[in-house]
């Protein structure tokens with residue numbers, strides 16, 4: 001039986017850190033499904049809308065080699081896609097703080113789901129390993145007039 005792995009994230013301004021977590025997640029199983037956060041959800045969590053619209057982020061993530069399928073998250077219940085997908089493994093990113101591993105296990109157990117939950121510890125092999133760092137660098141260069149519009 002195929003081992004299904006699920007991970008989730010915003011994936012706004014793709015960078016090597018995103019690719020590394022997806023490669024890691026895929027290495028744990030046979031099928032990788034990625035849940036891409038909805039624009040409205042990102043705004044609630046981060047206080048700002050993503051730069052890239054949700055459907056475009058979903059398409060970009062799905063185009064990446066490790067990913068078998070990318071879907072948009074639920075606007076009602078963040079656990080809904082996980083309950084539908086019934087993964088064997090859930091991979092959490094290093095900066096995902098909505099759930100810690102134990103809380104997520106307890107929540108899913110209420111629905112008789114017992115996936116292995118793995119925390120990806122991060123990727124910092126390049127200077128731009130986060131979308132926020134990329135945005136900060138663009139602003140820095142623009143303010144220093146290194147970028148002309």
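Here the Cβ of each residue, glycine as well, is placed from N, Cα and C on the backbone.
Owing to the predicted nature of the structure, the values given are computational and were not obtained by experimental measurement.
Database features (Swiss-Prot):
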- 10, 11, 15, 16, 17, 18, 95, 123: ATP binding site (BINDING)
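Recorded features from Swiss-Prot, shown on the structure.
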{"residue": "10", "record": "ATP binding site", "DSSP class": "coil"}
{"residue": "15", "record": "ATP binding site", "DSSP class": "coil"}
{"residue": "95", "record": "ATP binding site", "DSSP class": "coil"}
Residue, out of the binding-site residues 16, 17, whose Cβ gathers the largest set of other Cβ atoms within 10 Å:
17
Least buried by Cβ count (within 10 Å) of the binding-site residues 15, 18:
15
Counting only residues 6+ away in sequence within the same chain, which have a CB under 8 Å from the CB of residue 10 (ATP binding site)?
36, 37, 42, 46, 50, 57, 131
